[in-house]
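Scroll down for the structure; my scribbles are underneath it.
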Amino acid sequence: MVAVPVTIGRRPAPAPAVPTPSAVPTVPTAPNAPSEPLTDRFGRVHRDLRISLTDRCSLRCTYCMPEQGNEWLSRSSVLTTDEIVTVARAAAAAGITTFRLTGGEPLLRPDVVDVVARLAALRGPDGAGAQVAMTTNGIRLPEVLDALVAAGLKRLNISLDTLDREKFAALTRRDRLDDVLRGVAAAQRSGLRPLKLNAVAMRGVNDGELVDLVEFAVAHDAQLRFIEQMPLDAGHTWDRSAMVTREEILASLERRWTLRPIPGRGGAPAERWRLLEGRGEAARDTGHTVGVIASVTAPFCGACDRLRLTADGQLRSCLFATDETDLVGVLRGTVGGDGSSRTPDGERQAAVDARLRVCLAGKRAGHGIDDPGFLQPARGMNAIGG
């Protein structure tokens, strides 16, 4: 019998060392001028801005929002495309290189193609264009994906927690599995790579089909990323003891494949493994990978490079932050002191830059889920932006 080597590192890679807090850089005032990198007091340089386009969604996933009684943001409180681009331009000047569009469901926003086009046209201090990515439930992809790609969309994540119709309907409170699967097929045809499928692992819901989900992803030339369920549900009913952990996910997959860790994740949220067929020296690399985002049991806060912008113009330094930095006053008010309702673009960009740094100044070393005083965010996941 051939011995099977241990190919999974059971302990997560140690978090990057946390430097001594440093001073917040100064703010530029010239229009479109490059500014200092967005570095927090722990030395983490931020390159990624998650932008929520809406809090509305065509599904009602149990881990995200209630089935009824949602208090949607008013249309007037949602940032306009011009306002989003103003924030993004300041962020790009400060070194943000990736804009990920989220929701709610971003494809419910009528002008989503225009948003993508205008963000893709932004340039950073080095002249390089921004990478525009999107996380979606996939339902509207068949009708809009070609236009999104033409506008400059470069990367795509699709949420798919189960392949079972009854489970899908119970989990999302909508019978839309076929629509999501058509969206996955459209994404496969589009050529956008890497194509990623996200699945929240839930005990008693989909923990028996983890292998099936990976095989579905492989068949569609996609990478499956399992996500530990986090305390972000609107009903605040999250129970850590009921969560499917990273270790349990890997153990399930290990019964089907040999898993070989891929080192060097950088600031990416997912640890990744290569999928190998067979065991021992005869194991063959399939060319496919699987990822796990273990925000709870193996947090990656030490390398976090993300900020978040909610649909109503609030900056958040962390998915689990309990405080927000308001941008609406800067975007819709008077930045200068002359009482004018029109503010020069350069002044407005500088004011946004300053708010970005205020937000960073309050960023904590970690999300603190294990702290005795941890408080779940008041906003549900759909209102924060996934």
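Using N, Cα and C of the backbone, Cβ positions are placed for all residues, glycine too.
A quick note: this is a predicted structure, and the numbers were derived from the prediction, not measured.
Checked against TrEMBL, the range among 1-40, 41-80, 241-280, 321-360 recorded as region 'Disordered' is 1-40. Site annotation for GTP in TrEMBL covers Arg50, Thr135, Lys196, Arg306, Leu307, Arg308, and the matching candidate from Arg89, Arg100, Arg240 is Arg100. When Cβ atoms from all protein chains are considered, those within 10 Å of Gly104 (S-adenosyl-L-methionine binding site) total 28, not counting its own.
In the structure as shown, the Cβ atom of Cys57 ([4Fe-4S] cluster 1 binding site) sits within 10 Å of 24 other Cβ atoms. Over all protein chains present, the Cβ of Cys64 ([4Fe-4S] cluster 1 binding site) has 22 other Cβ atoms lying within 10 Å.
Using a 10 Å radius centred on the Cβ of Tyr63 (S-adenosyl-L-methionine binding site) and all shown protein chains, the other Cβ atoms total 21.
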